[in-house]
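Data block below; observations after.
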Amino acid sequence: MTTSPIPARLIKWLLVLIAVGVSLFPFYWMLRTALAPQSQQLADGLGFWPAHLDFGNFARAWNKANRGQALLNGLIITGAILLLQLITCVPAAYVFAKIRFKGSGILFGVVLACLLIPTQATMVPTFIGINLFGLGDTRIGLVLPFYSSAFGIFLLRQQMLSIPDALLDAAKTDGLGPWRTLLRVVVPMSMPSIAAFAIFSVFTHWNDYLWPLLVARSPDLATPPLRLAVFQQADIGFDYSALAAGAAIVTAPILILFLFAQRRFVQGMAGGEIAG
Amino acid sequence: MTTVLDKPVPSLAAAGKPIDPNRTRATPYVFIAPAMSGIGLFVLLPALLSFIGSFFAIPLATGANWKWVGFDNYTSVFSDPTAHRAIENTLLYCVITIIPSLVLGLLLALLAESLRHGRTLVRTALFLPMTANLVAMAVVFKWIFALQGGFANQALAWIGVAPINWLNDTRYSLISVALVGVWRGVSLTMLLFLAGLTTIPGAIHEAAAAEGIRGWAKLRTLILPMMKPTIVFATVLSILTSIQAFDQINVMTQGGPQESSETILTFTWKVGFSYFQLGKPSALSFVLIAVLICIGLVRRRAFSAEQR
């Protein structure tokens, strides 16, 4: 590897730089627009750098769109979904990975089938059902359909398969019941994939747009992306700066979370393979 | 229980003294019940109802009763030019997002893995699109693709190409939203491939080096076969993401202009929730699923034929 000639390395780095540039450019453009003074946007909005920094856009975005409320909603809903998914999926994954029982094959087949059913096919009946039970336009209606996750069961199971059976047998001989085996042996050993799934779940539901768009009709319930989309279509006129600032506010929490949790996430996703 | 824990007596446990055999037998079902009820109620049941509903006329607005219409919804899907467009566009969108996502994702993963300096920094930068809020990014991409003053056209001007009406030209709208899909998709597939690359044992690399296998030959004969599970997983995830693309399309073009970027999901959304007709979008969903299953079967056959 050390012998690779200079031109090859140069080309490699050039490709890397292009990829990094394309990957980061929209983020940069968002920040640039958010920090540029409002007057600069269309007149000479072509500059690569803002003329001078203007943090007032963030204040306008925050106030106009009642962003605090939306962020709080996002936090509550994402947190509730995450908690429920961990409670439901971890034990199920453990059973599918390590315990043989009647019908396990068929039931895991059901999990795989659910993994492959697209939103299109489930969205309308779920919406009708949620409304039928009077849960339309409520926080419960935003959370309930996601209390379990086929992807979660699948991903966690894949890693739990690699837990040595001897360890579980040892736990049994030590008199640990299934619950304590789960909590004291399986969960600690599956932390990488649990972390990866948790981050994945937070990404998905913080960023979800379609379901809140259907369910959250009253503005008080809006999640951050929904609020942003409404803000984008409606009353803002040409206040691009405030819109970009709003986009930055929605993006920042997940970005920061990812920067902190990156290593665990990548490790945990390594287990997410379909065996064979 | 606690006494057993404090002082493990293997012989006692080995003698198999289950506290209550019925309870132990029920345990697996107790463990999976919450999760299975969730996907049963909110994935399987709706999908089933949707399938049944595709044979009915369901006027949601008037609250009138369901009316059996047989295959009318399906025939109307096949005779409706917009529905046609939606199916075509969805398949086209899948092709022009999935293939680049997988190929570029693999290349970037190999590239990032081979770096000696700044590897972590490069990885982080390349992962970021995956974390981005697609609605927020769609808003930004809308400006980048703006006809006047958009960065994309400005960049074209630098190399002397006439501006393109990215979002409002029927020829380019689907490509524009697909570019956003690729921008994000590459980041996810790259992450999966990187994770997959780390599972290849170092001994394999050493053996390959000793045998003098490197470059393209190493990739084709060693790396790719070993990464097959990851490739399958990445392909499945890419297909799922692409057929469900909605966010950036709804923000950037809303399916327009003239249905040129209408996909099955945006169409379902419009017909179902703007005109409150539910039978037809359900039928459309199942046409899509049927098409996907057919493609899956053909691909599987191609795959197994290749292996023989």
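Each residue, glycine too, has its Cβ placed from N, Cα and C.
TrEMBL annotations: computationally assigned, not manually curated.
Values in this document were obtained by computation on a predicted structure and should not be read as measured data.
According to TrEMBL, the feature transmembrane segment maps to B:29-58 (among others).
Sequence annotations record features per position, and here TrEMBL assigns domain 'ABC transmembrane type-1' to B:87-299.
Counting only same-chain residues 6+ beyond the ends of the transmembrane segment (B:90-112), those with a CB under 8 A from a CB of the stretch are 119, 122-123, 126, 174-175, 177-178, 181-182, 185-190, 192-194, 196-197, 219, 223, 231, 234-235, 238-239, 242-243, 245, 263-265, 288, 291. Annotated transmembrane segment per TrEMBL: B:90-112 (among others), in sequence order.
For B:124-145 (among others), the entry in TrEMBL reads transmembrane segment.
The annotation transmembrane segment is assigned in TrEMBL to B:174-200 (among others).
Here the transmembrane segment (B:221-243) has long-range neighbours at 90, 93-94, 97-98, 101-102, 105-106, 110, 181, 185, 188-189, 192-193, 195-197, 199-200, 204, 208, 213, 264-265, 288, 292, meaning same-chain residues at least 6 beyond its ends whose C-beta is under 8 angstroms from one of its own. As annotated by TrEMBL, transmembrane segment applies to B:221-243 (among others).
According to TrEMBL, the transmembrane segment annotation covers B:278-298 (among others).
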Inset, instruction - Counting only CB pairs under 8 A, let me know which of B:124-145, B:174-200, B:278-298 has the most with the transmembrane segment (B:29-58). - result: B:278-298
Legend entry - Non-local residues, at least 6 beyond the ends, that sit with Cβ under 8 Å of the transmembrane segment (B:278-298): 50-51, 53-58, 60, 69, 72-74, 76-77, 80, 83, 86-87, 90-91, 239, 243, 264, 267-268, 271-272
Legend entry - Folded-back contacts onto the transmembrane segment (B:174-200), same chain, C-beta under 8 angstroms, at least six residues removed: 89, 92-93, 96-98, 100-102, 104-106, 108-110, 112-113, 123, 126-130, 132, 134, 137-138, 141, 145, 166-167, 223, 226-227, 229-231, 233-234, 237-238, 241-242, 245, 248-249, 252-253, 260-261
